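**Q** Feature table excerpt (TrEMBL):
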DOMAIN    5-69  domain 'DUF1899'
REPEAT    78-120  repeat 'WD'
REPEAT    128-170  repeat 'WD'
REPEAT    171-212  repeat 'WD'
COILED    444-471  coiled coil
(Lines of atoms letter the chains of each structure in order from A; the text may use other names.)
(Lines give C-alpha, C1' and ligand atoms only; values in the text may rest on other atoms or scores of the structure.)
Protein backbone atom coordinates (compact mmCIF):
# COMPACT_ATOMS: atom_id res chain seq x y z
CA UNK A 1 0.00 0.00 0.00
CA UNK A 2 1.57 3.30 -1.08
CA UNK A 3 1.99 5.75 1.80
CA UNK A 4 0.54 9.23 1.45
CA UNK A 5 0.13 11.87 4.15
CA UNK A 6 -3.59 12.10 4.86
CA UNK A 7 -4.74 15.37 6.36
CA UNK A 8 -8.06 14.43 7.85
CA UNK A 9 -9.72 15.07 11.14
CA UNK A 10 -9.17 12.10 13.47
CA UNK A 11 -8.58 11.85 17.19
CA UNK A 12 -6.31 8.85 16.54
CA UNK A 13 -4.08 10.50 13.93
CA UNK A 14 -1.20 10.84 16.40
CA UNK A 15 -1.46 7.47 18.18
CA UNK A 16 2.02 6.15 18.90
CA UNK A 17 3.48 2.88 20.14
CA UNK A 18 5.55 2.75 23.31
CA UNK A 19 7.61 -0.34 24.13
CA UNK A 20 8.02 -1.23 27.80
CA UNK A 21 11.37 -0.79 29.51
CA UNK A 22 13.54 -3.84 30.05
CA UNK A 23 12.49 -4.31 33.68
CA UNK A 24 8.82 -4.46 32.64
CA UNK A 25 9.42 -7.20 30.04
CA UNK A 26 9.42 -10.97 30.62
CA UNK A 27 12.90 -12.37 29.99
CA UNK A 28 14.50 -15.81 29.76
CA UNK A 29 11.51 -17.59 28.20
CA UNK A 30 12.20 -20.54 25.83
CA UNK A 31 9.55 -19.53 23.26
CA UNK A 32 8.44 -22.39 21.02
CA UNK A 33 10.14 -22.77 17.64
CA UNK A 34 7.01 -24.37 16.15
CA UNK A 35 6.26 -22.95 12.69
CA UNK A 36 2.48 -23.25 13.06
CA UNK A 37 0.86 -19.90 12.15
CA UNK A 38 -0.54 -18.98 15.56
CA UNK A 39 0.40 -16.41 18.18
CA UNK A 40 1.49 -18.95 20.87
CA UNK A 41 0.57 -16.31 23.43
CA UNK A 42 -2.56 -15.34 25.39
CA UNK A 43 -3.03 -12.62 28.00
CA UNK A 44 -5.72 -11.35 30.34
CA UNK A 45 -5.80 -8.93 33.28
CA UNK A 46 -4.05 -11.40 35.60
CA UNK A 47 -1.88 -13.83 33.64
CA UNK A 48 0.37 -14.13 30.61
CA UNK A 49 0.53 -17.57 28.93
CA UNK A 50 3.27 -18.51 26.42
CA UNK A 51 3.82 -21.78 24.56
CA UNK A 52 7.38 -22.95 25.21
CA UNK A 53 9.91 -25.22 23.57
CA UNK A 54 9.89 -28.61 25.27
CA UNK A 55 10.80 -32.22 24.64
CA UNK A 56 8.51 -35.21 25.08
CA UNK A 57 5.20 -33.36 24.78
CA UNK A 58 3.78 -29.86 24.79
CA UNK A 59 3.86 -27.24 27.51
CA UNK A 60 3.20 -23.59 28.18
CA UNK A 61 4.08 -21.10 30.90
CA UNK A 62 1.52 -19.12 32.91
CA UNK A 63 3.07 -16.05 34.57
CA UNK A 64 1.29 -13.47 36.77
CA UNK A 65 1.45 -10.08 35.01
CA UNK A 66 3.15 -8.38 37.96
CA UNK A 67 6.00 -10.93 37.89
CA UNK A 68 8.12 -9.15 35.28
CA UNK A 69 11.85 -9.53 34.77
CA UNK A 70 13.83 -12.72 34.30
CA UNK A 71 11.95 -16.01 34.55
CA UNK A 72 13.87 -18.90 36.09
CA UNK A 73 14.63 -21.89 33.78
CA UNK A 74 12.86 -24.29 36.16
CA UNK A 75 9.71 -22.14 36.40
CA UNK A 76 6.60 -24.41 36.68
CA UNK A 77 4.79 -25.26 33.44
CA UNK A 78 1.45 -26.58 32.28
CA UNK A 79 2.69 -29.77 30.65
CA UNK A 80 -0.10 -32.34 30.33
CA UNK A 81 -0.28 -32.61 26.52
CA UNK A 82 1.46 -35.50 24.76
CA UNK A 83 2.12 -33.42 21.62
CA UNK A 84 3.12 -29.86 20.77
CA UNK A 85 0.67 -27.20 21.95
CA UNK A 86 -0.65 -25.28 18.92
CA UNK A 87 -3.04 -22.71 20.42
CA UNK A 88 -4.06 -21.30 23.82
CA UNK A 89 -6.94 -18.95 24.74
CA UNK A 90 -8.13 -17.51 28.07
CA UNK A 91 -11.79 -17.79 29.01
CA UNK A 92 -13.18 -14.23 28.54
CA UNK A 93 -15.45 -14.58 31.62
CA UNK A 94 -13.29 -16.51 34.13
CA UNK A 95 -9.77 -15.18 34.69
CA UNK A 96 -8.04 -18.41 35.67
CA UNK A 97 -9.51 -20.79 33.03
CA UNK A 98 -7.49 -21.39 29.86
CA UNK A 99 -8.08 -23.72 26.90
CA UNK A 100 -5.28 -25.37 24.92
CA UNK A 101 -5.16 -27.62 21.87
CA UNK A 102 -2.41 -29.87 20.65
CA UNK A 103 -1.01 -32.29 18.11
CA UNK A 104 -2.22 -35.10 20.41
CA UNK A 105 -5.78 -34.56 18.98
CA UNK A 106 -7.10 -33.17 22.27
CA UNK A 107 -8.45 -29.92 23.68
CA UNK A 108 -7.85 -29.38 27.40
CA UNK A 109 -9.23 -26.96 29.96
CA UNK A 110 -6.90 -25.86 32.76
CA UNK A 111 -7.66 -24.08 36.03
CA UNK A 112 -4.76 -21.92 37.17
CA UNK A 113 -4.52 -21.48 40.97
CA UNK A 114 -4.52 -18.06 42.65
CA UNK A 115 -1.10 -16.45 42.40
CA UNK A 116 0.05 -18.70 39.55
CA UNK A 117 1.70 -22.11 39.44
CA UNK A 118 3.87 -23.39 42.29
CA UNK A 119 4.66 -26.72 40.59
CA UNK A 120 4.20 -28.33 37.17
CA UNK A 121 0.55 -28.87 36.27
CA UNK A 122 -0.12 -32.13 34.45
CA UNK A 123 -3.81 -32.76 35.19
CA UNK A 124 -6.40 -30.75 33.27
CA UNK A 125 -9.82 -30.16 34.80
CA UNK A 126 -11.36 -31.31 31.51
CA UNK A 127 -10.01 -33.27 28.53
CA UNK A 128 -11.99 -33.07 25.29
CA UNK A 129 -11.54 -35.74 22.62
CA UNK A 130 -13.55 -35.43 19.40
CA UNK A 131 -11.08 -34.66 16.62
CA UNK A 132 -9.44 -37.49 14.71
CA UNK A 133 -6.39 -35.38 13.86
CA UNK A 134 -4.38 -32.66 15.57
CA UNK A 135 -6.27 -29.57 16.71
CA UNK A 136 -4.92 -26.25 15.46
CA UNK A 137 -7.34 -23.59 16.75
CA UNK A 138 -9.54 -22.89 19.77
CA UNK A 139 -11.90 -19.91 20.25
CA UNK A 140 -14.25 -19.00 23.09
CA UNK A 141 -17.72 -17.71 22.22
CA UNK A 142 -17.74 -13.92 22.81
CA UNK A 143 -21.06 -13.64 24.70
CA UNK A 144 -21.83 -17.14 26.05
CA UNK A 145 -20.15 -18.79 29.02
CA UNK A 146 -18.65 -22.29 28.59
CA UNK A 147 -19.08 -22.53 24.80
CA UNK A 148 -15.79 -23.37 23.07
CA UNK A 149 -15.02 -23.82 19.36
CA UNK A 150 -12.15 -26.02 18.13
CA UNK A 151 -10.88 -26.54 14.58
CA UNK A 152 -8.85 -29.62 13.67
CA UNK A 153 -6.88 -31.01 10.77
CA UNK A 154 -9.83 -33.34 10.14
CA UNK A 155 -11.48 -30.24 8.53
CA UNK A 156 -14.16 -30.04 11.24
CA UNK A 157 -15.14 -27.33 13.69
CA UNK A 158 -16.59 -28.74 16.92
CA UNK A 159 -18.72 -26.70 19.31
CA UNK A 160 -18.22 -27.84 22.91
CA UNK A 161 -20.63 -27.28 25.76
CA UNK A 162 -18.28 -27.37 28.75
CA UNK A 163 -21.19 -27.69 31.17
CA UNK A 164 -21.52 -31.29 29.96
CA UNK A 165 -18.04 -31.74 28.47
CA UNK A 166 -19.33 -32.91 25.09
CA UNK A 167 -19.41 -31.58 21.52
CA UNK A 168 -22.97 -30.46 20.79
CA UNK A 169 -22.60 -29.23 17.20
CA UNK A 170 -20.29 -29.90 14.27
CA UNK A 171 -19.52 -27.62 11.31
CA UNK A 172 -18.49 -29.85 8.42
CA UNK A 173 -18.43 -27.55 5.38
CA UNK A 174 -14.66 -27.25 4.87
CA UNK A 175 -12.64 -29.31 2.40
CA UNK A 176 -9.18 -28.53 3.80
CA UNK A 177 -7.43 -27.29 6.93
CA UNK A 178 -9.10 -24.31 8.65
CA UNK A 179 -6.68 -21.40 9.06
CA UNK A 180 -8.65 -18.85 11.09
CA UNK A 181 -11.96 -18.29 12.91
CA UNK A 182 -13.59 -14.99 13.89
CA UNK A 183 -16.93 -14.11 15.51
CA UNK A 184 -19.15 -11.09 14.98
CA UNK A 185 -20.11 -8.96 17.99
CA UNK A 186 -22.92 -11.14 19.37
CA UNK A 187 -21.45 -14.47 18.26
CA UNK A 188 -24.31 -15.29 15.87
CA UNK A 189 -21.96 -15.59 12.87
CA UNK A 190 -18.61 -17.29 12.37
CA UNK A 191 -16.18 -16.34 9.60
CA UNK A 192 -13.51 -18.85 8.56
CA UNK A 193 -10.61 -18.99 6.15
CA UNK A 194 -9.41 -22.29 4.79
CA UNK A 195 -6.56 -23.79 2.78
CA UNK A 196 -9.05 -24.42 -0.04
CA UNK A 197 -8.75 -20.62 -0.70
CA UNK A 198 -12.31 -19.89 0.38
CA UNK A 199 -13.73 -17.36 2.81
CA UNK A 200 -16.95 -18.46 4.50
CA UNK A 201 -19.56 -16.87 6.74
CA UNK A 202 -21.29 -19.63 8.70
CA UNK A 203 -24.30 -19.79 11.03
CA UNK A 204 -22.55 -21.85 13.75
CA UNK A 205 -25.57 -23.55 15.38
CA UNK A 206 -26.86 -25.01 12.10
CA UNK A 207 -23.53 -25.23 10.27
CA UNK A 208 -25.17 -23.55 7.26
CA UNK A 209 -22.87 -21.53 4.98
CA UNK A 210 -24.52 -18.13 4.46
CA UNK A 211 -21.85 -16.63 2.21
CA UNK A 212 -18.82 -18.04 0.44
CA UNK A 213 -16.06 -16.41 -1.58
CA UNK A 214 -13.57 -18.21 -3.80
CA UNK A 215 -10.53 -15.99 -3.44
CA UNK A 216 -8.47 -16.55 -6.58
CA UNK A 217 -6.81 -13.14 -6.85
CA UNK A 218 -6.59 -12.70 -3.07
CA UNK A 219 -5.54 -15.92 -1.31
CA UNK A 220 -6.92 -15.40 2.19
CA UNK A 221 -5.04 -16.40 5.33
CA UNK A 222 -6.65 -14.48 8.21
CA UNK A 223 -10.07 -12.92 8.75
CA UNK A 224 -11.57 -10.62 11.37
CA UNK A 225 -15.09 -9.25 11.82
CA UNK A 226 -15.09 -5.45 12.01
CA UNK A 227 -17.37 -5.14 15.02
CA UNK A 228 -21.00 -4.31 14.23
CA UNK A 229 -20.24 -2.74 10.82
CA UNK A 230 -21.30 -5.93 8.96
CA UNK A 231 -17.92 -6.01 7.27
CA UNK A 232 -14.99 -8.39 7.24
CA UNK A 233 -11.32 -7.77 6.71
CA UNK A 234 -8.97 -10.43 5.39
CA UNK A 235 -5.21 -10.60 4.99
CA UNK A 236 -3.62 -12.73 2.33
CA UNK A 237 -1.46 -12.83 -0.77
CA UNK A 238 -2.17 -11.41 -4.22
CA UNK A 239 -1.54 -13.28 -7.47
CA UNK A 240 1.86 -11.51 -7.62
CA UNK A 241 2.80 -12.86 -4.17
CA UNK A 242 2.56 -9.50 -2.44
CA UNK A 243 0.93 -9.16 0.97
CA UNK A 244 -2.56 -7.77 0.69
CA UNK A 245 -5.65 -6.85 2.71
CA UNK A 246 -9.25 -6.88 1.49
CA UNK A 247 -12.49 -5.46 2.89
CA UNK A 248 -15.73 -7.41 2.38
CA UNK A 249 -19.45 -6.93 2.89
CA UNK A 250 -20.52 -9.89 5.06
CA UNK A 251 -23.83 -10.17 3.15
CA UNK A 252 -22.18 -10.25 -0.29
CA UNK A 253 -18.82 -11.96 -0.70
CA UNK A 254 -18.93 -12.00 -4.51
CA UNK A 255 -16.31 -9.21 -4.71
CA UNK A 256 -14.24 -7.37 -2.10
CA UNK A 257 -15.15 -3.75 -1.46
CA UNK A 258 -11.48 -2.75 -1.62
CA UNK A 259 -8.14 -4.49 -2.00
CA UNK A 260 -4.88 -2.90 -0.88
CA UNK A 261 -1.33 -4.19 -1.36
CA UNK A 262 0.89 -3.79 1.70
CA UNK A 263 4.39 -4.91 0.68
CA UNK A 264 6.33 -7.71 -0.93
CA UNK A 265 7.44 -9.53 2.23
CA UNK A 266 6.56 -13.17 2.86
CA UNK A 267 5.51 -13.26 6.53
CA UNK A 268 1.87 -13.87 7.43
CA UNK A 269 -0.11 -10.70 8.29
CA UNK A 270 -2.06 -10.85 11.56
CA UNK A 271 -5.02 -8.41 11.76
CA UNK A 272 -6.30 -7.00 15.08
CA UNK A 273 -9.42 -4.84 15.26
CA UNK A 274 -10.47 -2.53 18.10
CA UNK A 275 -14.24 -1.98 17.80
CA UNK A 276 -14.17 0.85 20.36
CA UNK A 277 -11.76 3.08 18.42
CA UNK A 278 -12.42 1.55 14.95
CA UNK A 279 -8.70 1.02 14.56
CA UNK A 280 -7.10 -1.85 12.66
CA UNK A 281 -3.59 -3.08 13.49
CA UNK A 282 -1.53 -5.17 11.04
CA UNK A 283 1.48 -7.09 12.34
CA UNK A 284 3.51 -9.39 10.11
CA UNK A 285 5.06 -12.59 11.37
CA UNK A 286 8.82 -12.03 11.31
CA UNK A 287 8.38 -8.25 10.95
CA UNK A 288 9.43 -5.71 13.54
CA UNK A 289 6.75 -3.13 12.74
CA UNK A 290 3.02 -2.76 13.45
CA UNK A 291 0.93 -0.68 11.05
CA UNK A 292 -2.34 0.84 12.14
CA UNK A 293 -5.31 2.23 10.27
CA UNK A 294 -8.70 3.76 10.98
CA UNK A 295 -11.81 2.10 9.57
CA UNK A 296 -14.53 4.47 8.33
CA UNK A 297 -18.04 3.88 7.01
CA UNK A 298 -17.42 5.91 3.84
CA UNK A 299 -14.83 5.69 1.11
CA UNK A 300 -11.92 5.09 1.16
CA UNK A 301 -13.00 2.95 4.20
CA UNK A 302 -9.37 2.42 5.26
CA UNK A 303 -7.16 5.34 6.33
CA UNK A 304 -3.49 4.82 7.14
CA UNK A 305 -2.46 6.41 10.44
CA UNK A 306 1.06 5.49 11.50
CA UNK A 307 3.54 2.69 12.05
CA UNK A 308 5.30 1.40 15.15
CA UNK A 309 8.82 0.26 14.26
CA UNK A 310 11.17 -2.05 16.08
CA UNK A 311 14.33 -3.91 14.95
CA UNK A 312 13.31 -7.12 16.76
CA UNK A 313 11.13 -9.53 14.68
CA UNK A 314 7.92 -10.84 16.24
CA UNK A 315 6.83 -14.48 16.24
CA UNK A 316 3.38 -13.73 17.60
CA UNK A 317 1.39 -11.18 19.57
CA UNK A 318 -0.92 -11.40 22.57
CA UNK A 319 -3.55 -8.69 23.13
CA UNK A 320 -4.70 -7.35 26.49
CA UNK A 321 -8.50 -7.15 26.91
CA UNK A 322 -9.85 -3.60 26.95
CA UNK A 323 -10.62 -3.56 30.68
CA UNK A 324 -6.96 -4.34 31.45
CA UNK A 325 -5.58 -1.13 29.87
CA UNK A 326 -4.20 1.89 31.71
CA UNK A 327 -6.88 4.53 31.03
CA UNK A 328 -4.95 7.15 33.03
CA UNK A 329 -2.20 7.02 30.36
CA UNK A 330 -4.73 7.13 27.46
CA UNK A 331 -3.69 3.60 26.45
CA UNK A 332 -6.11 2.25 23.81
CA UNK A 333 -4.42 -1.07 22.90
CA UNK A 334 -1.63 -3.24 24.28
CA UNK A 335 0.35 -5.97 22.56
CA UNK A 336 2.62 -8.58 24.12
CA UNK A 337 5.28 -9.24 21.51
CA UNK A 338 7.13 -12.59 21.34
CA UNK A 339 10.79 -12.06 20.44
CA UNK A 340 12.13 -15.58 19.91
CA UNK A 341 15.78 -14.65 19.32
CA UNK A 342 16.05 -12.99 22.74
CA UNK A 343 13.53 -15.14 24.64
CA UNK A 344 11.69 -11.96 25.61
CA UNK A 345 8.02 -10.95 25.84
CA UNK A 346 7.81 -7.18 25.30
CA UNK A 347 4.64 -5.19 26.11
CA UNK A 348 3.85 -2.46 23.54
CA UNK A 349 1.26 0.19 24.47
CA UNK A 350 -0.65 2.18 21.83
CA UNK A 351 -1.26 5.62 23.32
CA UNK A 352 -3.38 8.61 22.30
CA UNK A 353 -1.39 11.72 23.30
CA UNK A 354 -3.54 13.96 25.52
CA UNK A 355 -2.45 16.78 27.82
CA UNK A 356 -5.36 16.45 30.19
CA UNK A 357 -5.08 13.87 32.98
CA UNK A 358 -8.85 13.46 33.31
CA UNK A 359 -10.77 10.45 31.96
CA UNK A 360 -11.17 10.71 28.17
CA UNK A 361 -14.69 9.49 27.42
CA UNK A 362 -14.39 9.98 23.64
CA UNK A 363 -11.68 7.32 23.37
CA UNK A 364 -13.18 4.95 25.98
CA UNK A 365 -16.81 4.24 25.07
CA UNK A 366 -18.79 1.49 26.81
CA UNK A 367 -16.99 -1.78 26.13
CA UNK A 368 -17.72 -5.52 26.65
CA UNK A 369 -16.98 -6.59 30.22
CA UNK A 370 -16.52 -9.99 31.83
CA UNK A 371 -20.15 -10.92 32.43
CA UNK A 372 -21.62 -13.46 29.96
CA UNK A 373 -24.83 -12.40 28.25
CA UNK A 374 -26.10 -15.96 27.72
CA UNK A 375 -25.97 -19.45 29.17
CA UNK A 376 -24.99 -22.36 26.89
CA UNK A 377 -28.57 -23.64 26.77
CA UNK A 378 -29.91 -20.23 25.78
CA UNK A 379 -27.42 -19.81 22.95
CA UNK A 380 -27.90 -23.36 21.66
CA UNK A 381 -31.69 -22.80 21.61
CA UNK A 382 -31.21 -19.92 19.15
CA UNK A 383 -31.03 -16.83 21.37
CA UNK A 384 -28.62 -14.03 20.34
CA UNK A 385 -27.70 -11.21 22.68
CA UNK A 386 -25.12 -8.42 22.50
CA UNK A 387 -22.31 -8.45 25.07
CA UNK A 388 -22.91 -6.72 28.41
CA UNK A 389 -21.15 -3.35 28.26
CA UNK A 390 -19.28 -1.62 31.09
CA UNK A 391 -17.61 1.74 31.60
CA UNK A 392 -13.88 2.03 32.27
CA UNK A 393 -14.23 5.41 33.96
CA UNK A 394 -13.67 4.34 37.57
CA UNK A 395 -11.36 1.49 36.62
CA UNK A 396 -13.33 -1.66 35.85
CA UNK A 397 -13.04 -4.23 38.64
CA UNK A 398 -15.22 -7.31 38.63
CA UNK A 399 -15.83 -9.65 41.51
CA UNK A 400 -17.25 -12.59 39.64
CA UNK A 401 -19.12 -15.40 41.26
CA UNK A 402 -18.76 -17.60 38.15
CA UNK A 403 -16.88 -20.80 38.94
CA UNK A 404 -15.93 -23.44 36.41
CA UNK A 405 -17.26 -26.89 37.35
CA UNK A 406 -15.89 -29.74 35.28
CA UNK A 407 -18.45 -32.43 34.40
CA UNK A 408 -17.76 -36.11 34.97
CA UNK A 409 -17.39 -37.96 31.65
CA UNK A 410 -16.86 -41.62 30.89
CA UNK A 411 -17.91 -41.91 27.24
CA UNK A 412 -15.26 -43.29 24.91
CA UNK A 413 -17.04 -42.60 21.60
CA UNK A 414 -18.02 -39.09 20.49
CA UNK A 415 -21.18 -39.03 18.39
CA UNK A 416 -22.48 -35.79 16.86
CA UNK A 417 -25.22 -35.71 14.21
CA UNK A 418 -25.15 -39.51 14.16
CA UNK A 419 -21.42 -39.62 13.28
CA UNK A 420 -18.70 -41.03 15.51
CA UNK A 421 -16.07 -38.32 15.13
CA UNK A 422 -13.18 -40.51 16.23
CA UNK A 423 -14.00 -43.08 13.54
CA UNK A 424 -14.84 -40.68 10.71
CA UNK A 425 -11.31 -39.83 9.55
CA UNK A 426 -10.94 -37.74 6.34
CA UNK A 427 -8.40 -38.65 3.63
CA UNK A 428 -4.88 -37.50 4.30
CA UNK A 429 -3.74 -34.24 2.72
CA UNK A 430 -0.90 -34.05 0.19
CA UNK A 431 1.44 -32.53 2.79
CA UNK A 432 0.67 -35.28 5.29
CA UNK A 433 1.33 -37.93 2.63
CA UNK A 434 4.64 -36.26 1.75
CA UNK A 435 5.68 -36.17 5.40
CA UNK A 436 4.80 -39.87 5.76
CA UNK A 437 6.79 -40.67 2.60
CA UNK A 438 9.90 -38.80 3.81
CA UNK A 439 9.68 -40.43 7.26
CA UNK A 440 9.47 -43.83 5.61
CA UNK A 441 12.45 -43.01 3.38
CA UNK A 442 14.46 -41.93 6.44
CA UNK A 443 13.54 -45.15 8.22
CA UNK A 444 14.55 -47.24 5.17
CA UNK A 445 17.93 -45.45 5.00
CA UNK A 446 18.46 -46.01 8.71
CA UNK A 447 17.73 -49.74 8.39
CA UNK A 448 20.04 -50.03 5.37
CA UNK A 449 22.85 -48.38 7.33
CA UNK A 450 22.31 -50.82 10.20
CA UNK A 451 22.37 -53.80 7.81
CA UNK A 452 25.52 -52.46 6.15
CA UNK A 453 27.27 -52.15 9.52
CA UNK A 454 26.21 -55.68 10.45
CA UNK A 455 27.51 -57.02 7.07
CA UNK A 456 30.87 -55.38 7.68
CA UNK A 457 31.05 -56.86 11.16
CA UNK A 458 30.16 -60.33 9.86
CA UNK A 459 32.91 -60.17 7.23
CA UNK A 460 35.40 -59.09 9.88
CA UNK A 461 34.45 -62.07 12.08
CA UNK A 462 34.67 -64.45 9.11
CA UNK A 463 38.14 -63.15 8.27
CA UNK A 464 39.29 -63.55 11.89
CA UNK A 465 37.92 -67.11 11.94
CA UNK A 466 39.70 -67.95 8.70
CA UNK A 467 43.03 -66.61 10.05
CA UNK A 468 42.56 -68.61 13.25
CA UNK A 469 42.03 -71.85 11.33
CA UNK A 470 45.00 -71.28 8.98
CA UNK A 471 47.42 -70.35 11.76
CA UNK A 472 46.30 -72.06 14.97
CA UNK A 473 49.84 -71.96 16.47
CA UNK A 474 50.14 -68.17 16.12
CA UNK A 475 46.86 -67.77 17.95
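From the backbone N, Cα and C atoms, a Cβ is placed for every residue, glycine too.
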**Q** Across the repeat 'WD' (128-170), what are the DSSP residue counts per state (helix, strand, coil)?
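**A** Output for the repeat 'WD' (128-170) reads 0 helix, 25 strand, 18 coil.
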**Q** So how many of the residues in the repeat 'WD' (171-212) end up helix, strand or coil by DSSP?
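**A** Counting residues per DSSP class in the repeat 'WD' (171-212), I get 0 helix, 23 strand, 19 coil.
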**Q** For the coiled coil (444-471), would you mind checking the mean pLDDT of the predicted model?
**A** 83
